[in-house]
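Asks: Dumping what Swiss-Prot says about this protein:
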| type | residues | note |
| --- | --- | --- |
| TRANSMEM | 23-43 | transmembrane segment |
| TRANSMEM | 53-73 | transmembrane segment |
| BINDING | Cys65, His69 | Cu cation binding site |
| TRANSMEM | 95-115 | transmembrane segment |
| DOMAIN | 158-307 | domain 'GAF' |
| DOMAIN | 350-587 | domain 'Histidine kinase' |
| MOD_RES | His353 | phosphohistidine |
Amino acid sequence: MDGCDCIEPLWPTDELLIKYQYISDFFIALAYFSIPLELIYFVKKSSFFPYRWVLIQFGAFIVLCGATHLINLWTFTTHTKTVAMVMTVAKVSTAVVSCATALMLVHIIPDLLSVKTRELFLKNKAEQLDREMGLIRTQEETGRHVRMLTHEIRSTLDRHTILKTTLVELGGTLGLEECALWMPSRSGSSLQLSHTLRHQITVGSTVSINLPVVNQVFSSNRAIIIPHTSPLARIRPLAGRYVPPEVAAVRVPLLHLSNFQINDWPELSAKSYAIMVLMLPSDSARKWHVHELELVEVVADQVAVALSHAAILEESMRARDLLMEQNVALDLARREAEMAIRARNDFLAVMNHEMRTPMNAIIALSSLLLETELTPEQRLMVETVLKSSNLLATLINDVLDLSKLEDGSLELEIKAFNLHAVFKEVMSFIKPIAAIKRLSVSVMLAPDLPLCAIGDEKRLMQTILNISGNAVKFTKEGHITLVASVVKADSLREFRTPDFHPTASDDNFYLKVQIKDTGCGISPQDLPQVFTKFAQSQPGGNRGYSGSGLGLAICKRFVTLMGGHIWLDSEGTGRGCTVTFVIQLGICDNTNAYQQKLIPLVWPSSGDADFVGPVPNAPNEEKGQASLKSRYQRSI
């Protein structure tokens with residue numbers, strides 16, 4: 001029976017197997033018991049865990065598994081029925097809990113997987129937020145640099161300083177190797193290198209404005225990358241450079257510079273641009289980032305605004321200098337004009353005395369000669385001399401009065417005077433002249449015309465005499481009518497013009513004087529010039545009449561000084577004319593003093609001029625003066 005021995009000699013003995021199983025079950029039970037303790041510890045440390053009841057169930061499963069292994073230690077030797085029962089209960093409990101845990105994990109595992117998915121999503125979201133925060137920080141940094149550059153650029157209004165500051169600040173902020181500005185030439189056909197940062201090459205080089213790269217930069221409102229071999233990128237020497245740098249270019253609008261003509265600015269007929277070129281260091285692998293290009297674009301816009309402000313300032317300074325020069329020239333011209341006016345006034349003052357004295361003597365002697373026995377030929381010659389002398393005296397007075405009116409030195413002599421006496425004096429001068437031409441003269445004074453008034457008696461009489469004299473002068477036959485009246489308050493609006501605004505008052509009234517004749521009349525086209533000095537109408541019926549053309553011009557100045565308005569109406573040549581003027585006079589309270597008083601006036605000479613003539617003896621002086629005055633009045 002030796003061949004039936006089946007025990008292999010290399011297999012360990014039963015005691016050794018039992019020993020290994022015993023030790024393994026012990027460590028398995030120890031591990032099973034430690035796992036729930038670890039779960040309980042970490043769950044307690046966690047402030048939030050949604051699956052506590054799952055952990056409790058899982059922990060019970062592990063504890064029961066460990067208990068089965070622990071009870072199994074007593075089953076390797078002879079054991080009682082109680083141990084077998086405990087082992088059976090433990091395994092049944094473990095089986096029940098294990099199945100329940102397995103069924104529960106079917107529902108729990110998808111939730112755990114979704115938690116992991118959400119974790120990955122949150123992680124990706126956090127990374128995206130980190131990138132956005134980095135972009136925001138970059139934008140804030142860019143904005144800070146833009147504000148700094150803008151402040152530096154706008155700290156001055158000198159365009160050369162603006163461009164130099166821009167290049168320096170951009171070079172420092174972006175770490176540029178070179179930065180340059182190409183400005184359009186005066187002809188507008190090329191771009192000229194005007195400013196560089198490092199001054200590595202001499203400014204003044206030009207490139208054609210028709211190059212494709214130039215058109216590409218002009219057509220884009222963004223900063224773009226251009227080839228390093230482009231003519232615009234030739235802003236630093238090429239020797240010793242092996243790594244080509246990245247070059248960016250952006251257009252700089254020249255805003256509104258076409259409105260200014262400033263020294264070396266180009267003459268622009270349309271919107272034009274300069275080009276700013278920026279070069280990164282060639283010894284690095286740097287590339288242009290989007291935020292850097294955006295910074296360059298913003299700075300280019302700020303430079304454009306600053307250059308336009310500088311252009312406006314330069315133009316305003318040039319205009320100010322030109323205005324100062326013009327003011328100096330005007331002041332010099334004003335002084336020269338004042339000197340000329342003073343010289344003219346001095347000349348007129350001398351001529352007033354030097355010409356009137358012999359003229360008065362000629363008039364006086366001519367008047368005396370007419371009182372003597374003369375032949376018809378002699379009388380005709382003397383009358384011609386007297387008429388010419390009177391005309392010359394009138395011209396002298398007109399020129400003197402006009403010069404005073406033009407330089408503003410003539411002032412009205414406001415005083416109370418006899419208004420009716422003025423018209424009587426005028427008639428005493430006009431009627432003898434009209435009688436020679438067989439003209440009838442009539443005067444009509446309104447019943448409500450005040451006896452006295454307050455104003456310039458001399459200028460009023462001179463105005464009426466000038467107009468009446470013209471009426472007699474230009475009338476061959478017919479009559480002359482002078483009408484004087486007071487303008488009613490409710491009729492003042494009829495006389496209003498853009499330059500004349502009469503207003504009623506208790507202290508003054510408006511005198512209306514109208515002088516109508518049946519003379520040669522005035523053509524409609526000549527009416528606008530009748531009050532212009534040295535202007536004379538020349539209709540057919542006016543030929544042969546002499547005059548200076550100053551009479552009506554002086555009358556208009558006098559009427560304006562007296563706060564009035566004058567105008568002339570005529571229906572045409574040969575239909576006569578009517579001159580009307582309205583002046584403002586003051587109301588005089590004391591009328592008794594003017595009942596019988598006539599103010600002696602001499603016309604056309606001024607009130608302070610005396611007629612000087614030969615006086616044979618003192619007793620005959622008064623008689624000679626009366627004879628001179630009578631003859632002088634008749635000869636006007």
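Including glycine, each Cβ sits where the backbone N, Cα and C put it.
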Asks: Quickly jot the same-chain residues contacting the transmembrane segment (95-115) by Cβ under 8 Å, restricted to those at least six beyond its ends, or write none.
Replies: 51, 54, 57-58, 60-61, 64-65
Asks: Among the recorded positions listed here, Cys65, His69, His353, whose Cβ has the fewest other Cβ atoms inside 10 Å?
Replies: His353
Asks: In angstrom units, rounded to an integer, how far apart are the Cα atoms of His353 (phosphohistidine) and His69 (Cu cation binding site)?
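Replies: For His353 (phosphohistidine) versus His69 (Cu cation binding site), the Cα atoms are 156 Å apart.
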Asks: For the domain 'GAF' (158-307), what are the DSSP-based totals of helix, strand and coil residues?
Replies: 48 helix, 34 strand, 68 coil
Asks: If H, G and I count as helix, E and B as strand, and all else as coil, what does DSSP give for His69 (Cu cation binding site)?
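Replies: Its secondary structure by DSSP: helix.
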